[in-house]
Each structure stands twice: as C-alpha cells, then as structure tokens.
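Sequence annotations record features per position, and here TrEMBL assigns domain 'Thiolase N-terminal' to 3-245. Summarising the annotation, TrEMBL assigns domain 'Thiolase C-terminal' to 268-367.
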Amino acid sequence: MPVFIHNGLRTPIGVVNGQYKSIRPELLGAKVLNQLFDTINASSLDAIFCGNAVGTGGNIARLMGLYSHLPNTIPAVTVDMQCASGMMSVEMAYAHIASGMMDTVIAGGIESSSLQPLRTYADHDDRSGDYMVAQFAPNEISPLAMLEGAERTMIKHCVGVEELNPYIIRSHQCAQHAREQGILSPYILDIEIDGKCCIDESIRPSMNEKLLNRMKPLLGPNSITTAGNACLTHDGAAFVTLSSQEGPFRIAHAMPWAGEPLYSPEGALLSTKKILDVTGLSSTEIDVFEWNEAFAVISALFGREYPNLIDRYNMLGGALAYGHPYGCSGAMLLIHCMAALEYCNGHYGLCAIAGAGGTGTAMIIERM
C-alpha cells in the first residue's frame with residue numbers, strides 16, 4: 001500500500017541552554033502535535049511514533065501525547081536509534097501504514113540537550129559513577145565517543161580542515177538564504193517565549209575561514225575536530241503526518257543500515273549507497289540530498305563520492321548551521337527535504353542520517 005506524507009512541522013531549533021532551556025521536550029513536541037492535529041480528521045489518527053535519544057525515558061512519546069490536545073485514546077511509541085531516532089520513527093509509521101495495520105500516523109522526534117538528565121550506574125554495574133552519554137559499542141565508553149568517531153573517520157579518509165571549511169561556510173550561507181527567502185517558513189511553528197519570537201539560534205551568516213581557523217581543537221592539540229566542524233547540541237521537535245490517502249509526497253523506499261561502530265559518521269554515505277542500490281535509482285536521479293551533517297567530515301564524504309551533485313546537497317543548510325537535536329534531526333531532515341523539493345521543483349529527495357553505535361538509515365521520497 002502506498003504511503004504519503006501530507007504535511008510537516010518543526011519548531012525553531014534552539015541551542016543548548018538557549019531559548020528552550022527550561023522547556024521539557026514533551027511540552028515542545030506537544031505544541032507541534034497540536035498544530036498538526038488540527039489539520040487532520042481527529043478520528044482517523046491511529047498512533048504517534050516519536051524519536052528521542054537523551055530524554056528521561058518512560059515512553060516520553062505517550063507523555064507528550066497526554067500533554068497535547070490529542071485524545072488519550074491514541075497510542076504513542078518512543079523510538080530510540082539515537083541520532084537516527086526521528087527518521088526511524090517515520091519509517092516505523094511507514095511500515096505500519098504500508099502493511100494495512102494503520103491508516104494515519106504522526107511521526108517524528110523531540111529532544112532537549114538543555115535538560116538531558118544526569119544518570120548513575122548501579123553499584124553492582126562494572127561501570128561506575130555518573131554519566132550523561134550512554135555506551136554505544138562494547139569497547140567504547142567515553143563521553144566523547146561521537147567526537148572521537150568523527151576524528152577517526154577524518155584520519156581514515158585523510159580529511160583535513162582545509163577540505164572541511166568550505167562545507168561549513170556553505171551550510172551557514174545556505175541556511176541564511178533559506179531564512180531570508182522564507183523557504184522553510186510554512187514548515188516552522190511560530191513560538192513565543194516571554195514575548196520574544198523563537199528562531200533557529202545557530203545560524204551564523206558571518207561564518208568564515210578566519211573564524212574557523214581560530215577555533216581550538218576539541219580532542220588535544222593535534223586534533224582535527226573543532227567546534228566549527230562538529231555541530232553543537234540543540235533542542236527541538238519535528239513531526240510529519242503520514243497516511244494511505246494520496247498526498248503531496250510519497251515515501252518511495254526506506255531502509256536502515258549498520259556497520260563499524262567506531263566510524264559511525266560513515267553511516268550517511270553507506271546508507272545512501274545501500275538504498276540507491278536496492279531501489280535501482282542512480283545518484284543523478286536524486287534532485288535533493290538531505291544528510292545530517294553532524295560533523296563536516298560527513299559533507300566531505302558526500303563531496304568526494306558525488307562531486308558533481310554538491311548543488312543538490314543540503315541546499316537549505318544542514319546541521320552545521322541549524323544544529324543537531326538528536327532524536328528530532330531525522331524528521332527535521334525530512335521536512336527540509338520536502339521544502340527543498342518544492343523550492344527546486346524536484347522529483348526525488350533522499351534523506352540519510354548516521355547514528356551512534358555504527359547505525360544509520362535512509363529514505364527516498366517522491367514529490368507527486
């Protein structure tokens with residue numbers, strides 16, 4: 001059964017301890033749910049799927065649903081695939097509708113790095129003490145595991161800062177252009193806090209080579225990884241409405257990927273290759289590529305693999321400019337892909353995201 005995306009909506013993205021520093025993610029998500037729910041037949045909604053990576057647990061999707069205006073009779077499921085959680089929640093909705101099990105689903109993700117809880121290992125656990133970052137691989141327990149994975153990936157592929165900087169600058173410039181042109185405006189929820197309109201807080205149109213070269217390495221004096229080529233942590237919520245009823249976008253295919261956990265940034269490229277191979281589509285048939293560029297090395301890998309398609313890559317800016325609100329990012333990618341396809345009058349869009357532990361997922365959508 002074909003599955004269509006009818007609409008999508010996200011919050012402005014806030015930096016850690018920024019505009020949403022005191023707003024719980026389930027409350028932020030409820031704002032988006034309320035707005036989307038007003039656009040569908042209330043009796044037709046079968047479920048909510050919500051990605052979340054660093055929340056408090058306890059099926060935060062259900063809690064979000066109960067805080068919203070939605071009836072308490074609508075089931076809700078929390079999905080944890082770390083960075084890929086938001087996109088995987090959409091894929092789960094897609095699978096449920098395609099199978100005929102459900103007809104209409106709201107899916108996406110929420111995150112608050114500002115309110116990420118501090119946890120403590122049990123006394124009888126061989127790991128000890130407090131932690132905020134979970135363990136993603138058997139021999140990897142460092143709180144800097146993701147940064148270290150990016151560093152390893154850059155070393156493996158011989159990527160230096162001189163190759164990374166143009167991608168970072170381009171991301172901010174594209175995001176600023178999208179903001180000035182209002183390309184994403186139909187997909188961004190208006191939120192006001194203390195009389196102030198919320199915005200995408202991380203976009204820096206003045207980003208330049210000189211500023212990037214002044215940024216200090218994050219993993220020791222010889223490290224390639226800096227605050228410029230690794231995105232910061234963020235807060236946000238993003239959801240789409242899916243249904244078997246015909247809509248403006250159709251999900252053509254979706255599939256997860258897994259590989260070497262110590263080189264997780266490779267996940268966007270490898271999941272892209274996998275889905276193109278399975279569908280038989282060529283890269284040149286894709287009009288819009290939306291990759292979660294949590295690290296600039298991810299963009300560098302795209303540029304090396306598809307050097308003639310850079311103009312189709314993250315054309316509205318990527319995570320280096322907007323930020324990476326973990327469990328929300330996959331759904332945010334999908335929304336940006338929809339907006340970009342409309343902007344360039346494209347047909348096929350491909351979204352890909354890598355996740356902690358050497359996972360990832362990709363999705364191809366078709367503009368009808």
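Just so you know, glycine gets a Cβ as well, placed from its N, Cα and C.
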Mean of pLDDT values spanning the domain 'Thiolase C-terminal' (268-367): 97
Summary of DSSP states over the domain 'Thiolase C-terminal' (268-367), given as helix, strand and coil counts: 54 helix, 24 strand, 22 coil
